[in-house]
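Novice: So TrEMBL says this about it:
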- 7-152: domain 'Formyl transferase N-terminal' (DOMAIN)
- Ser112, Leu113, Leu114, Pro115: (6S)-5,6,7,8-tetrahydrofolate binding site (BINDING)
- 216-265: domain 'Formyl transferase C-terminal' (DOMAIN)
Amino acid sequence: MDKKILKIVFLGTPEFAIKPLEALINNGYQIVGVITSSDKPVGRKQILTPSPVKILAEKYRLPVYQPENKDELLEIIEKLRPDLAVIAAFGMIFTKEILDIPKYGFLNIHPSLLPRWRGASPIQSTILAGDKKTGISIMLLNEKMDEGPILKISNLPEGQAHGAGKSQISNLYYKELKEKLSELGAKLLIEIIPKWIKEKIKPQEQDHSKATYCKKITKEDGLIDWREPAETIEREIRAFTPWPGAYAFIEGKRLIITQAEIKNNALKIKRVKPEGKNEMSFEDYLRGNPNKNFEKYL
């Protein structure tokens, strides 16, 4: 089927979904609708803000839909009658009734090497676990969470490491790893779609016995337990920056640790963001807020 005839619906919300949507647009696919979450209040002033995907879709004048529930989603998909649906971080488990509508199903771009890290926080979980490798899984969606058959799995290239001798994800912060995985997901998607439409790919069932799961990250997850090993705390800082932030309370005020490293097997804090203030070096912070308990992290 010609890409200009193939009707695609795209479902996604956060920044991770931007590059896959851009790739579809730039490769001339016909996108009949973009489905994303409703606008959310953001910041201290709680300003109603559209999702990154909505902003991009409106830039290209694509029709945007923001269903509040599965019934509304079903109504939209039935109305659009797409040949194929593409998902990147949409955050909803679909009913069989919805999944059966597109002839070529729902392709999901998942940022982990499935069946490892099924669930809501695969990128953060990869960092927290100290995994030596990660990548993208393009899978067919079914009614269960991230359990569908795989069309393609690809590791993040080893050349994208930080520093010689490091694993591909050593020292990467969440935002950096997310960006690399989003790029890889976009590339794989464009490679996979024509092969899938021409029935040149046979989906492979996942080995469910090897599945691991990850939960949704909460604000409370960012609270640092200083009794943990230095390596664990450093991973938390990388996984939880920018949100929810890895933080401690000092004299009742929240201090977010934004950058740290391991040096001689010890945690060394580089940059922090004190409550109500701009980010600064940890050295500058201690100069204005002397604290003997924290000097060892300098």
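Cβ atoms here come from the backbone N, Cα and C positions, even for glycine.
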Novice: Around Leu114 ((6S)-5,6,7,8-tetrahydrofolate binding site), which residues of its chain at least 6 apart sit with Cβ under 8 Å of its Cβ?
Specialist: Ser137, Met139, Asp146, Ile150, Ile153, Gln206
Novice: Quick check: with Ser112, Leu113, Leu114, Pro115 left out, which same-chain residues have Cβ atoms within 8 Å of the centroid of the (6S)-5,6,7,8-tetrahydrofolate site Cβ atoms?
Specialist: His110, Arg116, Trp117, Arg118, Pro122, Ser137, Asp146, Ile153, Gln206
Novice: Far apart in sequence but close in space: which same-chain residues, 6 or more away, have a Cβ under 8 Å from Leu113 ((6S)-5,6,7,8-tetrahydrofolate binding site)?
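Specialist: Same-chain residues close to Leu113 ((6S)-5,6,7,8-tetrahydrofolate binding site) (Cβ under 8 Å, separated by 6 or more) are Lys133, Thr134, Gly135, Ser137, Ile153, Asn155.
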Novice: Have a look at the binding-site residues (Ser112, Pro115) and report the one with the fewest Cβ neighbours inside 10 Å.
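Specialist: The binding-site residues Ser112, Pro115 were compared, and Pro115 has the fewest Cβ atoms within 10 Å.
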Novice: Across the domain 'Formyl transferase C-terminal' (216-265), what are the DSSP residue counts per state (helix, strand, coil)?
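Specialist: Counts, helix then strand then coil: 15 helix, 17 strand, 18 coil.
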